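Pulled from TrEMBL:
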- B:59-82: region 'Disordered' (REGION)
- B:79-451: domain 'Glycosyl hydrolase family 13 catalytic' (DOMAIN)
- B:247-252, B:311-315, B:381-386: substrate binding site (BINDING)
- B:ASP249: active site, nucleophile (ACT_SITE)
- B:GLU286: active site, proton donor (ACT_SITE)
- B:ASP382: site 'Transition state stabilizer' (SITE)
2 protein chains.
Amino acid sequence: MTADKPFTVWAPHAQDVRLHLDGETHPMSRGDGGWWVSDQLRSPGQRYGYELFDGEEWSKTLPDPRTTHQPDGPHGLSEVTDPRFDWSDDAWTGRALPGQVLYELHIGTFTPAGTFTDAIEKLSYLRDLGVTAIEIMPVQPFGGERNWGYDGVEWHAVQHSYGGPEGLKQLVDAAHNAGLAVILDVVYNHFGPDGNYNGQFGPYTVPGNTGWGDAVNISGENSDEVRAYILDSVRLWFEQFHIDGLRLDAVHAYDDRGAYSIMEQMQAIADEVTARTGVPRSLIAESDMNDPRLITGPEAGGYGLAGQWVDDIHHALHTLVSGENHAYYEDFGSMAALEKTLREAYYFTGGYSSYRGRNHGRPLNTREIPAHRLVTYTTTHDQVGNRAGGDRPSMNLTPAQQVLKAAVIYSSPYTPMMFMGEEFGAKTPFAFFVSHTDEELNRLTSEGRAREFSRAGWNHAEVPDPADPATFEASKLDWDLDDGQQEILEAYRTLLRLRRELGLARPDLSQLIVETGGEDDRWLAMGHEDVMLLANLSGRAVTAPYGGELIYSFTSPEVGAEETALGPWEFALIRR
Amino acid sequence: MTADKPFTVWAPHAQDVRLHLDGETHPMSRGDGGWWVSDQLRSPGQRYGYELFDGEEWSKTLPDPRTTHQPDGPHGLSEVTDPRFDWSDDAWTGRALPGQVLYELHIGTFTPAGTFTDAIEKLSYLRDLGVTAIEIMPVQPFGGERNWGYDGVEWHAVQHSYGGPEGLKQLVDAAHNAGLAVILDVVYNHFGPDGNYNGQFGPYTVPGNTGWGDAVNISGENSDEVRAYILDSVRLWFEQFHIDGLRLDAVHAYDDRGAYSIMEQMQAIADEVTARTGVPRSLIAESDMNDPRLITGPEAGGYGLAGQWVDDIHHALHTLVSGENHAYYEDFGSMAALEKTLREAYYFTGGYSSYRGRNHGRPLNTREIPAHRLVTYTTTHDQVGNRAGGDRPSMNLTPAQQVLKAAVIYSSPYTPMMFMGEEFGAKTPFAFFVSHTDEELNRLTSEGRAREFSRAGWNHAEVPDPADPATFEASKLDWDLDDGQQEILEAYRTLLRLRRELGLARPDLSQLIVETGGEDDRWLAMGHEDVMLLANLSGRAVTAPYGGELIYSFTSPEVGAEETALGPWEFALIRR
């Protein structure tokens with residue numbers, strides 16, 4: 001990474017390797033463990049690539065798997081970058097997960113220009129909103145300029161069209177100066193389909209369908225270097241980019257069969273960097289396993305991650321308010337499901353999941369695992385974007401319904417997260433979009449998507465073409481807020497302020513009170529001896545058997561001494 | 001299982017199912033969860049099968065996946081058995097793993113007749129030898145009459161040619177009355193290639209190469225019933241067959257991705273049956289993972305199994321005495337490897353395994369995990385039978401070398417196991433043999449085996465044809481012992497007696513002394529303050545810096561007050 005080191009590349013099966021450097025070709029010599037070494041030294045600004053000889057012919061010039069910059073995208077030459085940066089965040093002491101409020105954003109659609117630089121302009125807005133950390137959807141290079149980011153191929157680099165590595169550092173530096181932490185979403189379970197040349201260098205993948213392609217080789221032969229490729233990337237984000245946390249995409253798709261989980265190894269790096277720098281570094285898994293082991297401490301045999309996403313709470317809440325029950329929503333949609341999930345964090349604790357066709361999950365020990373390890377939300381990129389039309393809840397629900405859902409999440413002890421634009425009820429969709437450089441790939445993606453939704457019963461016409469630039473453009477947030485949106489935004493701001501002031505991020509889940517009136521009388525009471533959220537998850541007036549003094553509502557509930565009358569989709573945060 | 005229950009079968013994707021019972025066909029009706037139910041009641045002695053309709057045509061009559069008896073082999077009709085048996089082992093209180101000495105045997109070649117009944121006749125011999133438990137290689141039905149047992153297809157039944165379920169019960173009953181526990185080797189990671197009809201009933205497998213075929217579906221859609229198929233089998237062996245322990249074949253090939261490992265679920269059954277019957281039930285994993293989680297208690301996040309096989313000790317010892325270093329032996333062959341492995345139980349604790357091409361294993365906490373959880377050996381069916389010629393160490397080593405290896409194992413704190421015939425240095429090979437009912441399968445097996453060994457550098461001519469009945473016949477033990485064999489047998493008997501009398505099965509590994517003289521002076525000292533094994537792992541005389549009083553040797557070492565002179569391959573068990 002530093003300027004005075006020779007060029008090296010891992011290519012264990014190559015017969016020969018040569019360096020293509022600024023237009024000239026240089027031989028390389030075989031070192032230990034499948035590494036090849038050049039006598040040329042790295043210097044920032046150089047453009048380079050490697051050529052591999054398989055015994056019969058030389059490959060074309062390929063980008064470095066460990067490239068840190070691809071100025072022309074994943075297919076072009078790599079560029080040596082200067083790891084140094086003029087950081088101004090020395091005063092930043094970081095934020096561990098407890099007490100945080102996350103804001104998930106997609107660089108390309110967060111602002112009109114879709115760059116890191118433009119995102120900087122929104123930081124003060126987010127801080128004023130009450131957000132404590134931005135969570136950036138993946139920025140590792142992908143084909144073209146439009147992609148959610150889950151098609152990244154070069155895991156040590158940053159998408160050029162967003163502003164490249166310099167741009168990301170500028171955003172992180174600015175965020176820290178604005179008092180915001182930065183969490184980066186990183187995909188280590190598969191490589192994108194466009195621009196992935198790693199397989200020509202070595203066994204980066206193994207057969208095994210993750211749903212998005214071959215599995216990454218972290219357990220098979222020659223997997224040590226692939227693990228190192230990932231682990232060095234984890235370290236890179238923490239050390240060179242000052243990233244505060246990583247959101248690990250779909251860890252259930254890791255082919256992780258060694259005696260050491262790669263998650264433990266990632267956590268060891270997070271722990272080491274935390275201890276050395278004094279700035280907390282967090283790992284947050286996106287896990288579809290409902291396995292407490294991920295967020296259990298190592299003393300109890302866990303991986304010790306700081307947190308995990310928990311879809312169950314989303315599903316329990318979303319189904320009740322939206323009335324939807326398709327696909328993975330089918331096991332939810334009841335007050336009983338909401339009650340269990342809010343109390344135990346997981347809905348599936350070993351019982352049958354009809355969506356999965358098998359028993360799923362195991363109980364989380366609510367006396368041992370603090371609530372802040374569970375990241376909850378009413379909207380994410382997936383829950384919006386993986387709908388046929390990419391329509392947000394705000395496009396289907398009333399403002400009162402939207403704020404009701406937010407009130408449940410922000411009054412809960414779990415770590416809350418919102419998806420960009422949710423806070424003002426954005427009316428722009430967040431559709432799935434791609435811009436692969438191979439038109440055939442675009443066609444396959446479009447057709448696959450249409451087919452997938454067609455099977456699920458959606459009307460084909462509703463599915464925007466992912467490869468159409470208009471789909472991307474339409475997904476950009478419209479920051480010109482109308483009065484209704486301003487009202488929603490103010491409600492979010494208030495809920496976040498009250499969360500802080502009332503100290504609602506209480507870690508001990510075993511102390512949380514959760515009650516409901518059942519399926520016919522759909523009030524929810526959630527809280528503590530001193531403060532309680534009362535919410536009506538129905539369009540019928542209900543009376544919740546708790547009273548006191550109203551702290552906040554989006555509407556006008558009648559809070560009595562012993563009970564509270566709630567109109568349709570109404571809530572009341574009360575002091576008891 | 002009892003006589004008055006209706007016939008039921010799980011066939012979730014069938015359009016229709018009918019029962020073929022004693023020559024007549026009866027309709028079945030669809031019940032819950034993919035189960036089909038007949039109005040016919042089960043009664044011992046009935047012969048039956050099922051026929052499945054896939055919407056277009058009816059299948060032929062298929063055996064019940066949950067059959068408990070296949071009198072005509074895996075392709076024939078199933079037979080209802082009587083779960084009752086006239087047990088005479090009421091006085092049997094069982095044996096937990098601590099202090100045990102295991103004896104692995106293959107029913108078909110253990111005795112001339114190759115049946116459970118004949119094996120009974122050897123029990124008193126084994127007891128007198130000092131064995132405490134027999135470990136029976138798999139007996140689940142396979143094609144034909146000659147097979148190691150790892151091709152089993154009907155996991156609730158017992159190979160008819162061995163004597164079927166009645167025969168196994170008789171053997172267990174007799175073993176218990178002889179004071180011996182019975183451990184059964186069970187294969188739950190794949191189905192055999194001959195006679196496996198389960199896939200026609202339901203999704204018993206999923207794509208994924210275990211090395212022996214598709215993986216068993218214990219994590220995918222509809223996996224609950226497949227897990228139940230396995231877990232009910234575990235319970236069956238314990239409850240109906242009075243089995244004391246199960247040896248779980250190749251658990252690293254389980255496709256075990258749920259929040260609950262199937263091993264935890266098996267252990268829960270073992271715990272429950274232990275508590276209810278007062279007879280300890282043990283689970284012993286064959287694991288190529290070097291992952292202490294398997295034998296760590298649940299309080300520390302482990303699966304809590306009673307034990308696991310540990311090949312590393314075998315390899316460390318075998319390589320030094322045999323001088324072999326091919327394939328998975330390549331990382332061993334040094335005194336340093338032997339010393340580390342004897343002290344830590346695992347040789348691979350996270351370091352690089354050149355055989356696997358990756359880092360392997362993690363350290364086992366020797367203060368927490370008692371030594372008896374590790375099952376060790378100088379010979380197993382695999383370490384013999386997976387050689388080209390199936391040649392035993394006794395066919396390549398001197399008696400002194402054989403007994404030296406035994407002395408190390410039986411003086412160690414680990415749970416020792418021997419492979420049938422090892423105790424007298426049997427000169428019969430234990431070759432790989434099959435008798436698939438499909439000649440094409442036999443041909444493929446023979447060719448595959450020849451190819452495998454050819455690749456590994458063995459002479460093709462040395463590989464016996466697995467399908468040739470003579471290969472099987474030659475593998476039968478020859479119980480007509482010559483004088484040399486009697487001497488080896490007496491040495492084993494003495495070593496086992498001393499192991500008991502000196503209490504060498506000491507659980508606290510952190511107290512074990514292990515020292516060596518290094519690679520040029522190959523003495524090993526292993527033991528405790530009071531008693532020590534001194535061994536010369538070389539053909540050159542050495543002097544070990546420990547002395548005292550000779551307790552036992554196979555030869556005549558010179559034991560002094562401060563040091564002991566050991567001739568080639570000599571050992572001395574001394575009192576200090």
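Using N, Cα and C of the backbone, Cβ positions are placed for all residues, glycine too.
Remember, TrEMBL labels are computer predictions, not curated facts.
Same-chain neighbours of the region 'Disordered' (B:59-82): 1, 3, 9-10, 20, 42-53, 141-144, 153-154, 156-158, 160-161, 164-166, 192, 194-198, 200-202, 204, 229, 232, 236, 437, counting only residues six or more beyond its ends whose CB sits under 8 Å from a CB of the stretch. Counted within 10 Å of its Cβ, the other Cβ atoms near B:GLU286 (active site, proton donor) come to 21, all protein chains included.
Averaged across the domain 'Glycosyl hydrolase family 13 catalytic' (B:79-451), the predicted model reaches a pLDDT of 96. Cβ neighbour count for B:HIS314 (substrate binding site): 23 (other Cβ atoms within 10 Å of its Cβ, all protein chains included).
Rounded to the nearest whole angstrom, the C-alpha distance between B:ALA250 (substrate binding site) and B:GLU286 (active site, proton donor) is 5. Between B:ASP311 (substrate binding site) and the residue listed as 'active site, nucleophile', the C-alpha separation comes to 13 Å.
In this structure, the C-alpha atom of B:GLY385 (substrate binding site) lies 16 angstrom from that of B:ASP249 (active site, nucleophile).
Note on proximity: among B:GLU286, B:HIS314, B:ASP382, the recorded positions of the record, the Cα nearest the residue listed as 'active site, nucleophile' is that of B:GLU286. Classification of the residue listed as 'active site, nucleophile' by DSSP places it in coil, neither helical nor stranded. Secondary structure of the region 'Disordered' (B:59-82) per DSSP (helix as H, G, I; strand as E, B; remaining residues coil): 0 helix, 3 strand, 21 coil. Rounded to the nearest whole angstrom, the C-alpha distance between B:ASP382 (substrate binding site) and the residue listed as 'active site, proton donor' is 11. Compared over the binding-site residues B:ARG247, B:GLY385, the count of CB atoms lying within 10 A of a residue's CB peaks at B:ARG247.
Under the DSSP three-state reduction, B:ASP382 (substrate binding site) is assigned to helix. It is 7 Å from the Cα atom of the residue listed as 'active site, proton donor' to that of B:ARG247 (substrate binding site). Cβ neighbour count for B:ASP311 (substrate binding site): 23 (other Cβ atoms within 10 Å of its Cβ, all protein chains included).
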